[in-house]
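Taken from TrEMBL, the feature transmembrane segment covers 12-33, 53-78, 87-106, 126-152, 164-183, 195-219, 253-273, 293-312, 319-338, 344-367, 379-405, 425-448. Residues or ranges marked as domain 'Major facilitator superfamily (MFS) profile' by TrEMBL: 18-453.
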Amino acid sequence: MEKIHNTLRDSPVARWTALILLALTMFFAYMFIDVLAPLSTQLETSLKWSPDTFGAVAGSEYFLNVFVAFLIFAGIILDRIGVRRSAILSGILMVIGASIKLYGISDHFNAGGFGYDFFNSFWTGFPASAKVACMGFAIFGCGVEMAGITVSKGIVKWFAGKELALAMGLEMAIARLGVFSVFRLSPYLAEQGGITLSVGVGTLLLLIGLLSFSVYFFFDKKLDSQTDSLRTASDPEEEFKVSDLKAIFTSKTFMVVAGLCVLFYSAIFPFQKFATGMLESRLGMTTVEAGNLFSYFPIGAMILTPFLGWFIDHKGKAATMLFAGSLLVIICHLIFAITPVENFTFAVALGAIILLGISFSLVPAALWPSVPKLVDNKVLGSAYSIIFWIQNIGLMLTPILIGWSLKVSNPGVAERILAGEDIKYNYTVPMLIFAAFGVAALALAFYLKVLDKKKGYGLESPNIRK
Ligand SMILES: C[C@H](NC(=O)[C@@H](N)CCCCN)C(=O)O
């Protein structure tokens, strides 16, 4: 058979190269997200960042996305200007935000550099360095979430009808590797040249990421010109209109998926921030030991996600995986919450962490490639942005809820620790809240299976069309 309809996406080398270019930027972006996460102790001594200052800077990543609804605009921009231009825009936003954050924590700024007097003149309980870092991180947050939806739409563009879930799984695995790497690299760099070196290297890597997006730009342009020339006059590309978004907001199934996403991810990403403290408390470990034990979590997810993606491409069963992943998250958090002290050994904790890693592979591997089955391609960018926006609200509020529940369920403990007593928090209530998120996600996963069966979205069908 003569192949007359070949485009760049039909070449495995071209489409996997496109994936690597997109995933490389996300690798650096996920590194930057957590570049300060392992440095809380140094930040407290060198920049006077108390734990709540540290938490506020961490949460600032979501501020503009949630309160200014930047993510919603980002989706509309993506659907209007296309993947390659949106990729460049998001890459630039990440670099600008990271540079501002770098400036905020730099010795130059904190020794009275440009803007220091102004930022030090109000709300003096919150350090000037943290204010500038928050501003920078909020701009970076717009960039990284915009990059996330752009990469998802980009992968669909190259892999629809082919190895879509495998490609998405690999992209996520590379991002998880970024998280693992930065937990190892950042403390080492900070030891060699201070916190500025860690954040400086992170910012430099983002510039390389922008370069990678720039190379991708040309692949995407070539693919579009090929697709356009194949398109016939009777089959024009559908234009995106803002009014098309109504179809997303009124789709019950889409809203169920968005609900499942926010509940599941709220039981995972915020838990990452409390996991070390919980393991220290339950197993009487040091921070380093607890951190090392917990590092099996992203690694487990990294290894498994691409395999599950491959499975979905060839065999389907995405809705079942969403159900199984939600069930596992409940089991794990209940193990952390209610296993009696005498039974909560290192092996039990490790087993629960591995199970959680499996859960964190099942749900992301199944969820993101399912979205194109629910909405039209012309609103796909907006669909991803709405899911991310709803998810960001959860990711911003859950750490506050968990921190508050930890405090009220342990009356007087904070004061006794400040007074120098060697006592630990009891994490039962926060872990039960995380488990409750899992229960709600499980209910939605069950409902999604019912809806899929009734309406035939094909969530259980393989992606690869033979
Ligand atoms: C693909 C997915 N990414 C997201 O859900 C992002 N909106 C959140 C990134 C948050 C990082 N603190 C994923 O990583 O599974």
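Even glycines carry a Cβ here, placed using N, Cα and C.
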Report summary line: Contact count check, CB pairs under 8 angstroms to the transmembrane segment (379-405), set 12-33, 53-78, 87-106, 164-183, 319-338; argmax is 53-78
Query raised in the report: Can we call the transmembrane segment (253-273) and the transmembrane segment (344-367) in contact, meaning three or more C-beta pairs below 8 angstroms at a sequence separation of 6+?
Result: yes
**Report entry** Criterion met for the transmembrane segment (195-219) and the transmembrane segment (12-33) (at least three Cβ pairs under 8 Å)
**Finding:** yes
Query raised in the report: Should the transmembrane segment (425-448) and the transmembrane segment (164-183) be scored as in contact, given a threshold of at least 3 Cβ pairs under 8 Å and pairs 6 or more apart?
Result: no
Query raised in the report: Looking at the stretches 12-33, 53-78, 126-152, 164-183, 293-312, which one shares the most CB pairs under 8 Å with the transmembrane segment (87-106)?
Result: 126-152
**Report entry** Contact between the transmembrane segment (164-183) and the transmembrane segment (12-33) (at least 3 Cβ pairs under 8 Å, separation 6+)
**Finding:** yes
